[in-house]
Amino acid sequence: MTGASRRSARGRIKSSSLSPGSDEGSAYPPSIRRGKGKELVSIGAFKTNLKILVGLIILGIIVIYFVINRLVRHGLLFDESQKPRVITPFPAPKVMDLSMFQGEHKESLYWGTYRPHVYFGVRARTPLSLVAGLMWLGVKDEMYVMRHFCENSDDLSTFGWREHNGRDYGRQELVENDMVIETSFVKSKGDGLGYGGDWAVRIDVKNKGLNDDVKRSAHLFFYLADEGGNVLNLGQDGLDFQGSSLLVSGSREDVGDWQIHLKSQNQLETHYSGFKTPHIYNLSDLVQQNLALQARKFGRLQLSDTSEDSSNIYIFQISGRLPFTIDIPFISGIKGESSNVEKRLTSLTGLPLSDLLKKKHQEFDAKFNECFKLSEKHDSETLGVGRTAIANMLGGIGYFYGQSKIYVPKSTQPGSRDNFLLYWPAELYTAVPSRPFFPRGFLWDEGFHQLLIWRWDIRITLDIVGHWLDLLNIDGWIPREQILGAEALSKVPEEFVVQYPSNGNPPTLFLVIRDLIDAIRMEKFVASEKDEVLSFLERASVRLDAWFQWFNTSQKGKEIGSYFWHGRDNTTTQELNPKTLSSGLDDYPRASHPSEDERHVDLRCWMYLAADCMHSITELLGKEDKLSKENYNSTVKLLSNFNLLNQMHYDSDYGAYFDFGNHTEKVKLIWKEVIQENGQLSRQLVRKTFGKPKLKLVPHLGYVSFFPFMSRIIPPDSPILEKQLDLISNRSILWSDYGLVSLAKTSSMYMKRNTEHDAPYWRGPIWMNMNYMILSSLYHYSIVDGPYREKSKAIYTELRSNLIRNVVRNYYETGYIWEQYDQVKGTGKGTRLFTGWSALTLLIMSEDYPIF
């Protein structure tokens, strides 16, 4: 229900009116109304009150029953001995309770641009935060439209962070039609400030072209909302930019008394509206309804300049002719005159703010050059894309709080209509794949994200990985997609919210942890960083062990050393090839008929990586548990056994590695008339099998086939390595001028739709994460001794050049880094601003690869 309808409902709660000329006491004789006959009145009142009391008791019992029933269904009213295992936290000290994540570190990261789903937003790393954000009126098809949440459908020419250091500074550009909005965020710390310090936002709005003769106007909406429901106090009804600049003030336990100001040297018109609501995910609806009401009443496109009692949200409309600039400083920890409010305001507005932003810009450039050392290798355009990649990766980091929904069969919850339990309330600090489309945490993406982030800021990486590991349940399982909080839930269809505890996801966090271990061995860290990584591993090792054991037991296959991704649907008639969502490769073709006989070569290699990583941790930490160390060592030996790998997955005719399972190539989607539940006749695409499946290698060459190559299990002198190099470089199979395609052009599933509505996803398009991993192994084989060293180097050099050139070209043609790239033309596809693993382009530029 929208805010306007909530207010209307509240307005309808009035005392019952009486009919004209009626008197409330007219049912009684005058003598009784004057106080005579008190006994009659008392008895009548007693009977009435008794009925009401009984009714209230019955109603209360009913309410309590339903509340308790719901709490039990959602796992909120179990004692620890009765709580279902799936929603029971892992019984070990939390990683995030380490001292390294407290004190100055925690405070330094308290405030940030941790709302990746909106075009610009600020919040604190606390469940019920003070939240700030920006909206504006855009124009589409000659109509005003509200811009707030990042949406692909908004079709902005470009948007994203141009600079961001992940801690206290960021500069973003948003371009819509002929208008450019630049948002800058910077933090200030010092003695006497509130927890987390002060911060400021600068918003520059200008014409895209140099022609200032076209004086168009812009309407911005800057808002403050307190998720905890704390009352906000309006500074003044009308803003005088030359005088008082106070927008709104308030008080919170975390930061004390605070104020938000707005200052500008331009002629601007301002209006406001205040709301009282527990929800902030529908703020744009509140604004649009308020504007629409004002337009109908007065013909003006402006907020109402009114506020509800005890408002916890204030929205300020700032309108003016382009160009204009506004500065919005946040001052906290105010304690009387000693707080130097005016001095702090001066330091975060006007020229002092310009100087601070310039300093942060210079620091960003210096750190970028120090971390990636690209200046002598690439032209300015390529360097620009590299800066955009790291800036958007860091600027896309978000903070979320809520409870995941975990699937449980209804049969385990008698009388329940729900098929889920609620995970425990948890917070998550994480990078996200894409602000417009995937603005939340994804487990298998995060390992790739951290390969880039740790090279910029190791402490941010440890903080993020620690948050993920603290989501581990008692069985060693982590939900693969984190949809936490009302704002996140509002962006995801209900059918995709529930997480399945039998399903895994590639354990890519081992990828970055292994990288950190190798960095220690290669002495890439200063002493303090090394100590923190070791402390982190000491605390995290028990959780990593439990995570590994969950995979090693729940995803194991029938044969020793075999594994398969659980969760494939063996009953579906709607899919050409049942998806394997848990693998992260969704529609990549596997065995046509899912069964427990399957062996998935990619999961086998992930398990090799995980076991090798755990073995390295036990060695690095000098663990005394020899049994655990030997178990990991034996698992590493088993999974790196080249002969066993070949027996299970190698096809000597193709010279390639494949999955194994119950498979036939004779399947296709055909149109069939189907009677719906409502009796209507419709046509649907359904799968038809024309041949009996049998157990065999699944002949679909693609990314999955190269996991043994990516894992570097293949000896550098093996002829099988040459086979892999030939397959990679064959233009008729995987090679393109833009990168390696995800599925061989010779595959029967190449670019085939999986359902009527599912376009090919991992069946041809070029993906940067897999190209990065293959490229890293090409680099490896090009520097180790072996007969295929030069061949590896030649392929590596050309593939690297193709990948960089295509990403850079697309960025300057479209304004974005993309989720995937077309297998024929190289054009960007999928969601835009996909600066999750597509940002690995920067590591390709710097030739910085993990030791898989």
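Each residue's number is its place along the chain shown, starting with 1.
Backbone N, Cα and C define each Cβ position, glycine as well.
Taken from Swiss-Prot, the feature N-linked glycosylation site covers ASN282 (among others), and the record attributes it to sequence analysis. Neighbours of ASN282 (N-linked glycosylation site), defined as other CB atoms within 10 A of its CB across all chains, total 17.
Look at Swiss-Prot and you will find ASN552 (among others) tagged as N-linked glycosylation site. A helical conformation is recorded for ASN552 (N-linked glycosylation site) in the three-state DSSP classification.
Sequence annotations record features per position, and here Swiss-Prot assigns N-linked glycosylation site to ASN570 (among others) based on sequence analysis. Sequence-distant contacts of ASN570 (N-linked glycosylation site), defined by Cβ-Cβ distance under 8 angstroms and a gap of at least six in the same chain, are PRO578, HIS593, PRO594, SER595.
If you take the C-beta of ASN633 (N-linked glycosylation site) and look for same-chain residues 6 or more apart in sequence within under 8 angstroms, you find HIS615. Summarising the annotation, Swiss-Prot assigns N-linked glycosylation site to ASN633 (among others) and lists sequence analysis as the type of evidence.
Long-range neighbours of ASN662 (N-linked glycosylation site) (same chain, six or more residues apart, CB within less than 8 Å of its CB): ALA591, SER592, HIS593, PRO594, SER595, ASP597, GLU598, PRO693, LYS694, LEU695. In the three-state DSSP scheme, ASN662 (N-linked glycosylation site) falls into the strand class. Here Swiss-Prot flags ASN662 (among others) as N-linked glycosylation site, drawing on sequence analysis.
Among the features that Swiss-Prot reports, N-linked glycosylation site is placed at ASN730 (among others). Counting every protein chain shown, 14 other Cβ atoms lie within 10 Å of the Cβ of ASN730 (N-linked glycosylation site).
Residues annotated as region 'Disordered' in Swiss-Prot: 1-31 (among others).
Here the region 'Disordered' (574-593) has long-range neighbours at 444, 480, 503-506, 565-568, 600, 602-603, 659-665, 667-669, 684-687, 689, 693, 698, 700, 702-704, 742-743, 747, 749, 752-756, 758, 760-763, meaning same-chain residues at least 6 beyond its ends whose C-beta is under 8 angstroms from one of its own. The region 'Disordered' annotation in Swiss-Prot covers 574-593 (among others).
Taken from Swiss-Prot, the feature topological domain 'Cytoplasmic' applies to 1-51, supported by sequence analysis.
According to Swiss-Prot, the topological domain 'Lumenal' annotation covers 73-852, on the basis of sequence analysis.
The transmembrane segment annotation in Swiss-Prot covers 52-72 and is backed by sequence analysis.
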For the topological domain 'Lumenal' (73-852), the mean pLDDT of the predicted model: 94
Cβ neighbour count (within 10 Å, all chains shown) around ASN552 (N-linked glycosylation site): 16
Whole-number Å value for how far ASN552 (N-linked glycosylation site) lies from ASN730 (N-linked glycosylation site) (Cα to Cα): 36
Rounded Cα separation (Å) that holds between ASN282 (N-linked glycosylation site) and ASN552 (N-linked glycosylation site): 43
